[in-house]
Each structure stands twice: as structure tokens, then as C-alpha cells.
Amino acid sequence: MAGENRTLREWIMAALVATAILLICRYIFFAPYQVKGESMYPTLKGNELLIVNKFIYKIKEPKYGEIVVFHSKEGKDFIKRVIGLPGDHIKITNGKLFRNDKEVGESYIANKIDPSTSFEEVVVPAGDIYVLGDNRPHSEDSRAIGPVDEKEVVGRAELVLMPFSQMQQLEP
């Protein structure tokens, strides 16, 4: 009988330790995020569930093409693609994106920007990133809200978890 109690206690202790580890991972390293809207279509679709790596930008800087979740000034969470880093010159001319006067190839975008669309060059300030949605005509991004303070970035989207039929690792 004493052996059974000891085994039960060991199982309970193991379950508690495992739960603690999962909670630590959830709140420090990873977070779920549900995509709202179609601004990142076709890469991400509305209502998909993502896993966001919250720790990555504590040890390294964002890179071009990474998909990030960030808090807006209005308190909403957005998900967009990193297009510009501090010091970059970003502009759209005749519907084409340019970074530092070089055209950026964007095979991932759904709807090209209308060729007549242009916006003035912006220089990304120190400590900020410039983000755009993949579905350019239907995205509220840095063109509307301005550059994003790196401190407001929650993390990098790593994985589409649900629906299971769409499960995939996200690559920049």
C-alpha cells in the first residue's frame, strides 16, 4: 500500500511539473494568435490559429519578410510582414515596392497594388520597423498607421496550427 501511495505521489508531482513547464513556455516563449480579416491573404486566412514566438526578438532583431504580431497604438493586435528596418528608405512607385531604391520581389502578395498607386518615400526611424500586409489593397499597415515601434512587437509567427488541413511552418 505504501508503494502505491508513493507511485501516485510521483505521478501527481510529474503532472504538476509538466503543467508548470507548459505554462512557463506558454507565457514566456509562445502564444496563440487568431488571424482576423484577410489582410495577409493568401499567406494567412481569416480565423487561422497561429503559434507566435514571443522570445525570438529578445535575442535577435526582426528580418525582412518575417511575419510579426504587434500591438497598435489603438490597442489592437495586427499581423503583418516586415518590409523595412531602421534606416531603410521605403516607397511604392507605379505599384511596385522599393527598399533603398531597389525593387523588392514579392511572390507572396495576393493582389498587386494598382499600377497607378504610389506613395512618398519614408525613412524607417531608429527602433521601428515598416510592415505591410500581403493583401495590399485590403490591409491597414504602415502606409496608414506609420512605422511600428519594435517594443510593440509581440513576436514572430512561426506556425499555422489550425485548421489542421492548413498546418504549415511560416518561412520569411
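Note: Cβ is positioned from N, Cα and C throughout, glycine not excepted.
Just so you know, TrEMBL annotations are computer predictions that nobody has curated.
Features of the protein shown, as given by TrEMBL:
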type: DOMAIN; residues: 8-161; note: domain 'Peptidase S26'
type: TRANSMEM; residues: 12-30; note: transmembrane segment
type: ACT_SITE; residues: S39; note: active site
type: ACT_SITE; residues: K80; note: active site
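Taken as a whole, the domain 'Peptidase S26' (8-161) shows an average pLDDT of 84 in this prediction. Residue pair S39 (active site) / K80 (active site) shows a Cα separation of 8 Å.
In three-state terms derived from DSSP, K80 (active site) belongs to an extended strand segment. Taking a C-beta cut-off of under 8 angstroms and a sequence separation of 6 or more, K80 (active site) has the following same-chain neighbours: S39, M40, I67, V68, F70, V131, L132, G133, S139, D141, S142.
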